[in-house]
Amino acid sequence: MNLQEILKEIDFKKGEGLIPTIIQDFYSGEVLMLAYMNKESLEKTIETNTTWFWSRSREELWNKGATSGNLQYVKSIHIDCDGDTLLIKVEQVGPACHTGHRSCFYTTLI
């Protein structure tokens, strides 16, 4: 699929231009984080083969790991059955979480 065909498959309207994106370790299957993408961040992710997200708090694009060096190299991108959520499998360099943990899901509630 080319970029335009990929973008047609995704329903950005439901989330007011944003879609939740689950980041999973390609090798272990561990869920590393959840972030949000808009069309531009998805385009940049596909173009650069590293993850780009939309920061809802800063209202800007950010390239995961650009500052810390903890980059995420894209191995595959999947879409859910409703076309409104992405799953991106990555090769994670260093920790995925800004706290220094491998995954953002390090706190157990139950």
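In case you wondered, yes, glycine gets a Cβ from its N, Cα and C as well.
Feature annotations, courtesy of Swiss-Prot:
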- D80, D82, D84: Mg(2+) binding site (BINDING)
- C81, C97, C104: Zn(2+) binding site (BINDING)
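Features as recorded by Swiss-Prot, highlighted on the structure.
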{"residue": "D80", "record": "Mg(2+) binding site", "Cβ neighbours (10 Å)": "14"}
{"residue": "C81", "record": "Zn(2+) binding site", "Cβ neighbours (10 Å)": "6"}
{"residue": "D82", "record": "Mg(2+) binding site", "Cβ neighbours (10 Å)": "8"}
{"residue": "D84", "record": "Mg(2+) binding site", "Cβ neighbours (10 Å)": "16"}
{"residue": "C97", "record": "Zn(2+) binding site", "Cβ neighbours (10 Å)": "15"}
{"residue": "C104", "record": "Zn(2+) binding site", "Cβ neighbours (10 Å)": "17"}
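When the Cα atoms are compared, D84 (Mg(2+) binding site) and C104 (Zn(2+) binding site) turn out to be 22 Å apart.
Of the recorded residues, C97 (Zn(2+) binding site) and D82 (Mg(2+) binding site) place their C-alpha atoms 28 Å from one another. The two recorded residues D80 (Mg(2+) binding site) and C104 (Zn(2+) binding site) have their Cα atoms spaced 21 Å from each other.
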